[in-house]
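Features as listed in TrEMBL:
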{"type": "ACT_SITE", "residues": "182", "note": "active site, nucleophile"}
{"type": "ACT_SITE", "residues": "351", "note": "active site, charge relay system"}
{"type": "ACT_SITE", "residues": "384", "note": "active site, charge relay system"}
{"type": "DOMAIN", "residues": "52-108", "note": "domain 'Partial AB-hydrolase lipase'"}
{"type": "SIGNAL", "residues": "1-22", "note": "signal peptide"}
């Protein structure tokens with residue numbers, strides 16, 4: 001039984017990391033204006049020096065410390081390629097699960113949302129959640145300690161999101177537009193359902209919105225979530241799909257097995273993306289995925305099992321009482337989002353993570369939203385990664401998104 005469990009866990013981890021291992025055999029450069037690479041990104045240099053400045057854009061590195069002690073890295077792109085300072089409101093970009101802020105910068109500047117917003121006069125801020133490459137600091141804990149990883153997206157909502165909102169608001173003196181992708185949409189929706197952060201918000205654009213996970217059609221993603229509890233029992237508190245040399249050697253052997261195809265691991269997880277640049281996909285797999293807390297995956301698995309959006313379930317009434325003062329976890333009620341919050345939702349027909357039926361459940365909960373405050377965009381051919389890496393997302397998604405910002 002234990003051997004079978006270990007095999008299952010290793011197989012899923014191998015699949016998540018295998019394409020990255022293959023991609024590491026390639027060589028890329030930051031220096032070419034035509035390059036989309038983020039390879040050899042140096043954690044000591046940071047995102048500004050490694051990714052943004054080589055493209056000719058001004059960039060500032062900021063940090064903010066959350067109320068529970070995590071030190072988060074945030075990048076600011078205050079002007080476009082022309083050097084003219086932003087004359088439009090700030091925009092905060094929040095990445096999804098197992099990703100970080102580099103996600104918004106991986107395509108060519110005319111295809112990457114962060115650069116597009118900057119070139120259109122917006123003051124761009126890029127968030128990096130706790131535990132990712134540039135946000136691993138803490139006032140008292142180290143990532144090697146189990147307590148460092150004792151969090152779920154409840155804490156991303158309560159601490160990380162609120163800290164980044166506050167930083168942007170304090171630095172600019174303005175309310176902000178928000179763009180979230182995947183898990184970045186879930187934490188925003190949950191916050192709005194509690195009427196949090198609204199006093200600093202202009203509008204929110206939610207790409208591949210994650211709320212309900214009743215229909216998660218990706219067997220690999222579902223398997224990943226459902227083995228999280230077993231990993232936790234085995235003492236694996238940091239879910240780190242990327243390994244060291246020993247793991248990479250195992251991956252190479254695994255990928256050379258007859259019948260094993262490690263060249264495309266994105267599709268089985270995200271759905272058949274229509275519009276990705278293959279070289280960018282290789283670089284994406286080389287750089288990503290980033291770490292998250294195993295407990296965070298358990299929380300998402302609870303959502304998939306129950307079909308609800310609730311806080312983390314500690315598994316028994318006594319522990320839930322200790323944390324929440326009630327025997328069951330409090331629910332995030334999507335229908336409680338104020339009807340006048342400007343929302344732009346964009347989802348795809350081929351998305352394995354933000355499933356069409358699950359998005360429909362979310363929209364049903366928003367049925368009383370003010371008609372002029374809710375824009376819903378459906379793109380039949382898009383899957384999960386197209387919204388952040390699609391070569392035509394600039395025209396299909398980002399132009400309508402900026403038009404939405406303009407009227408809000």
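Easy rule for this one: first residue shown is 1, then count along the chain.
Cβ from N, Cα, C; glycine included.
Residue 384 (active site, charge relay system) sits 5 Å from residue 351 (active site, charge relay system), taking the C-alpha atoms as the reference points. Distance from the CA of the residue listed as 'active site, nucleophile' to the CA of residue 351 (active site, charge relay system) is 11 Å. In the predicted model, the domain 'Partial AB-hydrolase lipase' (52-108) shows an average pLDDT of 97. In sequence order, 95, 96, 97, 99, 207, 208, 210, 353, 354, 384 are the residues near the residue listed as 'active site, nucleophile', counting only same-chain partners six or more apart with C-beta under 8 A.
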